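The structure appears right after this line, and notes come after that.
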């Protein structure tokens, strides 16, 4: 009987708690809405950041053996510097499986190769052309290491035979519709060589560092010699036994150098391995975990843009801090509202309410508000997720898996306990006489806690403002920096004519006659479209070897691109001299040439050790230009002529005069279709392509701006509620001051000076931390801004002005009231 009575009492008390909670929500609806909306916005922002961060850390984790797959990377040392290479000698994949029992499987991948023209014959005999990007050369072990789902074909044999190709599901559908393409032929539009489709695999997911549309067997390419350690380089991945310690295997990798690489270098460069090392050269190999590749800044030459570990960590901190701001607002508002309930609490205590019952009442009210805020947060997150995906370029979804559920539950419990326990504890500790003197009891007397919480909010907001201003300034600097060549009003046609000379010359001559076209040039390379080749050279009279980047361009390319000549001459039109090269300033400086024009360089790299050395004559020197992104400094560059051989043209560079751009593009397309029917007219603007290099930074800036603004909004919303309560509590004081002649600006200074002090203190505490973070971020750029004083001054002025506006609005509203009504 007693148990039934206790159960009845418990249900009655819970019902009473809920009834009182709902009555208080209705009575103080404005503050309740501010509390619910503020917490909901904070929770939603933290959820979006968490989803983004989880996606960044989830790259390549979908592979069944992801924890046992590693990438072999190389650190090369030369007298000038140290460099990391993502590609290593192709033969290492085979050697690692053969010589190291710890390695179960290894695969070598080369590419991606873009702008490949593919011809597909339909059943009705019609041939259709497609421009394909993301072509990888892969060996037969590819699917043994990476277990992509194979929809058609046998993964064990799909890449064994020469001229075999595996298509992704989307590519197969684009070429063949819903047919099973296995056994069908496709041909390369440049060389006409047919390939047989031997399989169809699932498309690589968005959270994979691998990106491809088709896989071509590396046995199809002769220069992928199994014994070559010089020219044939590829991305090498290994799968280890489950009990293997990768650190122990990594310690044995120097054996690769001594046993294989050293001899290849000696033959190719005609120098002993000891002399090669004594000159300051060297190689080291390391294993990089598959799941770390996306966020590893040393992984250059990847298949898609890498993430940024520092930015991800900053976003984690930002998400936590925004959540803290929302929680502080919730707690502050709950505390200030509790001060208006002193008479209610006193009556409860007179009637015998115990402290634990008061705590339950406040916890119930907090729980109700937090539940409402969580529901609203889910709604806001769901509605904003599509826009957030477009902003970040991700495919995020709100899936309530285990980590997300437990994070939400933990935050929910913490906020409920803090917001519910503190007011109950504080009011429950007051004596009855203090509680009945309603206006003599002011929880704000313990201002140190409230000011501390407000100060912490400003500390967060000011720090985020500093970071946002610096990121904005760096992005603006990157977009405005002179790269050393023209990029405006230039379009680049790519790929549809690679190795096919039958129509290029007529098309180029045809469009050169157009008045809207200023120049036309062909090339095997265009900055922003294709990476450079890496080679080694020496001076004719000096055995010292120098690593340099190399590109191949056609005549008129340098003039069309706007390269600045500082010595010698550009390549001559119709010149057949393939030995002529141009150097940039950095190459001349590294080689130590005082009068470079006419001097000779010898290319050290050879396809085979017995091949003869190739000599080049320096025809001219161009001013340094940024042929890579501004994350890296300008490197020594060799510019080689393509001998005016239009069959080797992969890109057309077309400089326009900028008048009536739409009509000019339509004219070019009509000329193309007339001369090259059935082939796609494909072009991109050079400036847009180059700007895409900094898309990650642009998105980072937008994300920081969005969430910094959100943090300021939440801080100001909480400040508005606290200031409103403070002014309402001090309305008698305001009335008396008005009567004795105090002006509005005097009262504004009186009420705002404490908050200005809090802001200044917060600024002094956060400024050094923000400076360090932004300094670290700027080190990722070879060309970065200097941190400016205005970044910090403006970040302090913004919250002061906003706070002054909030307090000024509240003070003005209080001053305009009739003083006699408040006395």
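Even glycines carry a Cβ here, placed using N, Cα and C.
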Correct range for transmembrane segment (source TrEMBL, candidates 336-358, 405-427, 474-496): 405-427
From 702-727, 728-753, the residue range that TrEMBL assigns the feature transmembrane segment: 702-727
Range annotated as transmembrane segment in TrEMBL, from 10-31, 32-53: 32-53
CB contact flag for the transmembrane segment (755-777) and the transmembrane segment (366-385), at least three pairs under 8 A: no
Seg_contact(the transmembrane segment (702-727), the transmembrane segment (310-331)) with at least 3 CB pairs under 8 angstroms, min sep 6: yes
Leading stretch by Cβ pairs under 8 Å, where the reference is the transmembrane segment (310-331) and the options are 32-53, 366-385, 448-472: 32-53
Positions on the same chain near the transmembrane segment (448-472), where near means CB under 8 A and six or more residues out: 314, 318, 321-322, 324-325, 328-329, 331-332, 335-336, 697, 700-701, 704-705, 707-708, 711-712, 714-715, 718-719, 722, 754-755, 758-759, 761-763, 765-767, 769-771, 773-774, 777-778, 785, 787, 791-792, 794-796, 798-799
Mean of the pLDDT scores, which run from 0 to 100, over the domain 'MacB-like periplasmic core' (33-255): 87
